[in-house]
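**Student:** Have a look at this one.
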Amino acid sequence: MTSRQGRQAIAATAAMGVAVALALPTAAFAQSATQGKETATTTSSGTTYYVSSAHGDDANAGTSENAPWKSLTKVNDIASDLGPGDSVLLEYGSEFNDQYLHIKDTAGNADAPITISAYGDADEGKPVIASNGVKGSQWEQDYRANVGNHKNKGTVSTTLLLKDVSYITVSNLEITNDDADVYDPIDTWKWTDTPDSDGTKLDRSASRMDRTGVAGIAENGATMSNVTLDNLYIHDVDGNIYNKHMANGGIYFMAHYPMENTSAETDVWLREHVSRFDHVTIRNSTVKDVDRWGIAVGYTAYLNYIDANYGDGSIDDALIAKYGSTNVRIENNYVKGAGGDAITLMYCDRPVIEHNVGDSVSKHINTQDYTQPGSYGGRVAAGIWPWRCKDPVFQYNEMYNNLNAEHGNGDGQAWDADYGDGTLYQYNYSYGNSFASLMICNWYAVNTTFRYNISQNDRQGVFDLPSNGPGNHIYNNTVYVDADSQVLTKRSNSQSLFENNIFINATNTKKTETWNRGSQNGGQTYDNNMYVNYANKPTSDANAIEADDVSAVLAGAGSAPTSALKSGAEHARTGEKAAFDGYRPVAGSKAINAGKVVSDLNDYAVENDFLGNAVKGRPDLGAVESDVVSVTMASSKYETGTETDSGTGDKTKVIHVTFTDKNPVTVKELLSNVSADKGVDKAVYRVADAKSGKSADARSAESEPNMLDRLLSLLPGSDRNAKDDETKLADSEPVRDGDILRFSAEGTDETDEYTIRQRITWDWVADYEQGVADFDWKAQRRTSAGGEWTTISAYDGSWPNTVYDQYYGVGVNGTLAELSGDRKQTHGLLIDKPGDGLPTAMAWKAPESGTVMLSLKTFADKIAEPYLRQNADNAGKKVTLSLMRNDETLCSADDLSVYQKSSEQFAQCLAEHGSIDVQEGDWIRIVADAETGVKAPSLHISPVITYEDKAPAAPKQNVRYDVSYAATDAVVGTQSAVAAAFTADGGEADAPDGVAFAFKDGGDEGEASPVIDASTGAVTFTPAAGQYGATVTRTVVVTYADGSSDETTVTFRVAQSHAQRLNVLYPTVRGDAGTDLKRTPKFTLKADGAAASVPEGTTFALGANAPAGASVDMANGTVTLNSGVGGTVTVPVTVTFADDGASVSSTARFEVTAPAALGSSELETATVDGVNVVYAPFSADSPMTVAQLLAKVTAEPSGADKGVYRDGVRLEAGAELAENDVLRFSAKGSTVSDDYVVKSKTTWDWVNDFQVRVQGPIWYGQRQTEADGVWSDIADFDATYPNWMYETYYGPGVDYANHSLPTDRSAIHGLISDSPASAGGSAMAWKAPKAGTVKVSIREDEPYLRQDGSNGKALTLRLMHDDKVVCFADLTVSKQRSEEFANCVADKGEIAVEAGDWIRVTATSASGMNKPSAHISPVIAYMAASTPGPEPVPVDKSTLKATVEEALGLAESDYTDESWAALVAARDAAQTVLDDDAATAEQVETAQNALRDAIDGLEKKPVDPDPNPKPDPNPDPDPTPDPDPDPGPDTKPGDGSGNGSGTGNGSGSGNGSTGSGSDGATTGGKLTATGADVAGAAAMVALTAAAGIGLAAAARRRR
């Protein structure tokens, strides 16, 4: 199907049922016809399962209403075993809290789909599934490919997951995925200057888990089809604000690769195993208060094939059909309060999106909520729109109040044709959207049609045209613009053609509008629009219609709805509740029948208006047609225009008809190619000769066979529309120059007439119009080698020519101003882009059959055309100029290489081939093809085409007849036959006598080739075994008796083999290790995913490298696995089919759960050569105990046992670890354990340790979002380069070209960068796994700014211990090592740490810095000499904590000063013990006894007789402040000494005894006390000493 035919078909198909749709209510979430008592329809062939939260029991069978299950756990257990006709019905009124429904790897079929719905009394309300993000609802999403710059994998919580499921219908459910800590309902939402001051709660973290209400995932390399969601209520899905293309929002369908593309072999495999969607329908549903998307369908990992070459933005039909989603319909839905976009279709082929309502979306796309602008996708959201779709249709939708363009939303439009091809918006209504009505977004948005829409009070503009591509056509819309808005947004700068629109300035004062902004792709062009209440109009609109008062044009413009209906239904367009009648034209309106007959730039046929009225004949202006009949004609064949009488100035309409005396056009032929409204007559009249009183060319009856008809037409009353001096011509009469074509309306005096003008000559130069495609001439080029010719629709903004790639195109020489003058000396201009193999052409389409003469315009005293017009040394490289008829090259010239040298070859070409026989619709092209190296490929050439007065040759039989063969299905081993079919004059015909048939490639090729009967043309074919699935096509040459010939093709489609048409799938099985786990295969059709039966004779065998404990039943394919280990175990299976003996591979996947397993770990783990490893920081002189290791890991489940074994013997808690010990997690009574071999690791290297998209547990990529703010992990990872990323470019990582990091990284540097546009910084962060002293080092040549182009502003590097700065330096010069920083790290890189401390290398960019990126590669190693012994095992402090809380609850006023002071001292000492992680059991007991004694020793205070105690007569007016806790890097070193001393188990010194400044603990370690610390703690010395607590511990608590 051609693009033109396809788009016409789309428009027709999408409009089907419009009258019905408009006449019926379209509630967005209407119940079924059995309102209040709806039940699901089930199929007797399947099983129905019932679930009731109120009346069920999971011990029931679940297969009757009287014995339903209680929980969805039972459904999830059998979900993958659901098959054709099976139903799962949830009882109305049920609530399934903290539950979910995940259906995977199964299918129904066309006759018996799987059904998920409700049963019972609908008055009880839809059954509710509320997953609330619980662990079971979580799954790991992974596209297995880069998807632009977006996040491509992560954990997602989904309430209803449909994964690789076909033929399934889900209906009548309420679905939520709520987070109790998030509260932001749209019904109470409002913008506030302070976040959350309106009572909302929001998690703005970029690392927040993604959530979905319903997710559809295609992942198995096949088509997931026939999925219907109907009558769902999805709300409160509290997903991630930022992530656009994870399963994150209300409803989201997306396709993944089944495997990563890692080699040429996998690339070939992926191209033939495409995960995609077909026939997805989402209807009658409400989606409210979800993040991020409302409804989205089609995002795909296969964008890497679709977008491999954006080209000019056009999308290849075959490409999108293969890799994109097809037959997608989104209809009658209501989306309100989505955090981001309302409804988006992505990578879809011709989807239809209709009767939907969007309301108050983009709730969180603002500067207060979207606080991490570097997160994927950016702070932009539109309403209802496509991304990279082919010919999508959006119609009968309403969009209200897309939010936040004034608060940071970079979009904010109702509609957005984004990076797509052929987008059609029609019959839509937008109101109050915060930015605009329509955006056509950027370079690769091409060929958009926007027609018969209404925009009312969209706030910052109506049309947003930022750098869009060409081919965009905006016509017959009505836009109502208030005081604060405008027609074009301020950023608009690119192409669109505006025709037949009504622009209304809704203010009380005439407005001067900016009608043109920018000139990209030719900028904006206007024709035949109406401008109401404007002080100016576009200069390009020569046919502008102006009006002062809108009430004289439309019945009530501005009165359309200002909000969505609460029900979510569309507003009525007809009937008593019609909401848009204010946009109907009033009687006598200038808009009525004032439109031009538009030829849609994108070939969409015009059928009806905004209200569903048919559009015929000459249309009205604006979006709504009146019922006033238009007598104006329309024609796609004949060009019309006006002639102006030079004397009177009167204008006469003319129609240009091509005929000569010997090649006439009859009245019948003319009338068959013009049309008008229903009820309009059309006829041709001839004016009588004034002198003779006879018709202007009266002939004798003998010479004119139709004279009787003529005479009859002259009888009185024969034609009331004929004027006195006119004769109505009979159908068979040839028309003449000066005849009148007249249209007249029944019952009225309304007429419209055109004088027929003979046109037989076309002159490229004279006919050229800037910005308007000529009726017959076109500027064209090929867009692919040997491909279709396409019209160049963009025009140069400065010169009179069409343009592509900035410099190339077709037009005329001179300036735009010179177009209005005499063009006698003007040349045609033809410029092809050198070297791309895609030629450029002046193209003329023949309006009639006949013979034409092509010549070139001549110029007196000038070089004969064609020639190169620009002086340049082309070094012998040339432009080839060809004359073509359709795709046939008649002749060529290759002598165009020298400036202003006429082409003798082309002159000879025209002399020999300039007289050309054409059929109507043939293309004559003058084609330029410049080879690589031509510096100035611009040609002067000015073609003129004239019909010769020759009778058209009698058509050859190959012209009169068409012959074809129907495509025929064939089966291997069975003969199929097909006959040749002839047509002539539009109908079936017998084969003409003497016709002969033969294959073009000669004789037959044996039994596996088709055989043709030479006399009848019948073709037979018996496919051989090797031709399963083949399409066998042969070219047939048909030779007629008159010597003419034609070619056609005969095609046989051989049925596929079982291997070709079937998928063999094993749904995933989950179970415990040590038990028999079983899975039987499922067979589905590759074409649509429908369930299929197992072909007879199919056998199964284990594939290569099957794991231990696996077996397969040879006959039925059941795989059994008894695994001794946990984890994911895959069993390869080879499936062999009986029909052709072909084998296919499948895989049974088992998620084996060990009875016990590692839960979480603060230490690094890995799998090395198939063995699990845990890395622990110990060495011979820095040991680590078993207890310390076990404290850093958890078991799953939490009650499982964990221990360390050596040679099979369990070690005691105090035993020191050794290499190859085994960390084991086990369950009582099980022989299966989860084991990790212990390995020592005491050195960490940022570069060597770096892992793509892995944070922790030792190294992290972090950032601050404000100066001196809290450090947080960076959630996003660059899609191409190996680094953590925020704000698109910045963060820490390693400097390498891609994610595939090599094993040897010695030549790779660490990399850190920070955004100069925001506060804070980025960090390479290391978390200490144990206490000790570490040495930080960097490479000898580091650090330095890694990129040229620094501008003198600084990137500040710091080495930090927790929040203390150890070293810092400013990097300002590109590629110059910072000696200051390197020396500081060498001097001060030894740092005493406690377990859990942070060492960070940070980068902070100065505002406005260029290239804020440095090379630095930190290495951190424990120093053996200063590594402390084992950390103390934590002791029980619960009793002491309770006693402290008891003391805090006492009131000082009740007790004597002396006893109270003793209590305070004991309480503070006890608090110090609580705060000390190293406190021993003895210290805890001592503190507990002392505090208990102090409580027991409290003495009650006697009653104070003085009710007015006197104030302190000598208060301290200037209390001494605490010393600065962070003096910064300029502080002088101090000796770290203090004036106090302490005794007990903790001493007043630590591993590092020397600090700096007033706080010696800055670099001296956490056990160091400073002078200021000691002085401040003097009052506590005695008690802390008595309690056995060192002074350092007290000081540490105060810090």
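Cβ from N, Cα, C; glycine included.
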**Student:** With D178, D179, V182 listed by Swiss-Prot as binding Ca(2+), identify the candidate in D123, D230, D238 belonging to that site.
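**Tutor:** Among the candidates, Swiss-Prot records only D238 at this Ca(2+) site.
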**Student:** Have a look through D236, D418 and flag the one Swiss-Prot assigns to the beta-D-galactosyl-(1->3)-N-acetyl-D-glucosamine site that H150, K244, H245, W387, D411, C441 belong to.
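**Tutor:** Only hit among D236, D418 in Swiss-Prot's beta-D-galactosyl-(1->3)-N-acetyl-D-glucosamine site, alongside H150, K244, H245, W387, D411, C441: D418.
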**Student:** Apart from its near flanks, which chain residues at least 6 from the ends of the repeat 'PbH1 5' (348-388) lie with a Cβ under 8 angstroms of it?
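**Tutor:** For the repeat 'PbH1 5' (348-388), the nonlocal Cβ contacts are 6, 10, 13-14, 21, 26, 28, 149-151, 184, 186, 189, 191, 195, 202, 204, 206, 241-245, 291-292, 294, 297-298, 303, 306-307, 315, 317, 320-321, 324-342, 394-404, 407-420, 423, 430, 433-434, 439, 563-565, 568-570, 1265, 1275-1276, 1285-1290, 1315, 1318.
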**Student:** For D411 (beta-D-galactosyl-(1->3)-N-acetyl-D-glucosamine binding site), just count the other CB atoms lying within 10 A of its CB, please.
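**Tutor:** Looking across every protein chain shown, the total is 27.
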**Student:** Which value in Å gives the longest Cα to Cα span across the beta-D-galactosyl-(1->3)-N-acetyl-D-glucosamine site residues H150, K244, H245, W387, D411, D418, C441 as recorded?
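**Tutor:** Roughly 19 Å, rounded to the nearest whole number.
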**Student:** Counting only other Cβ atoms and using a 10 Å cut-off, which of the binding-site residues H150, K244, H245 scores lowest?
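**Tutor:** Across H150, K244, H245, these binding-site residues, the one with fewest Cβ atoms within 10 Å is H150.
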**Student:** Find the average pLDDT over the repeat 'PbH1 5' (348-388) in the predicted model and report it.
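**Tutor:** Computed over the repeat 'PbH1 5' (348-388), the mean pLDDT is 91 on the 0 to 100 scale.
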**Student:** Under a three-state reading of DSSP, tell me whether W387 (beta-D-galactosyl-(1->3)-N-acetyl-D-glucosamine binding site) is helix, strand or coil.
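**Tutor:** Looking at the DSSP assignment, W387 (beta-D-galactosyl-(1->3)-N-acetyl-D-glucosamine binding site) belongs to a strand.
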**Student:** Quick one: give me the count of other CB atoms within 10 A of the CB of C441 (beta-D-galactosyl-(1->3)-N-acetyl-D-glucosamine binding site).
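**Tutor:** Neighbour count, Cβ to Cβ under the 10 Å cut-off: 25.
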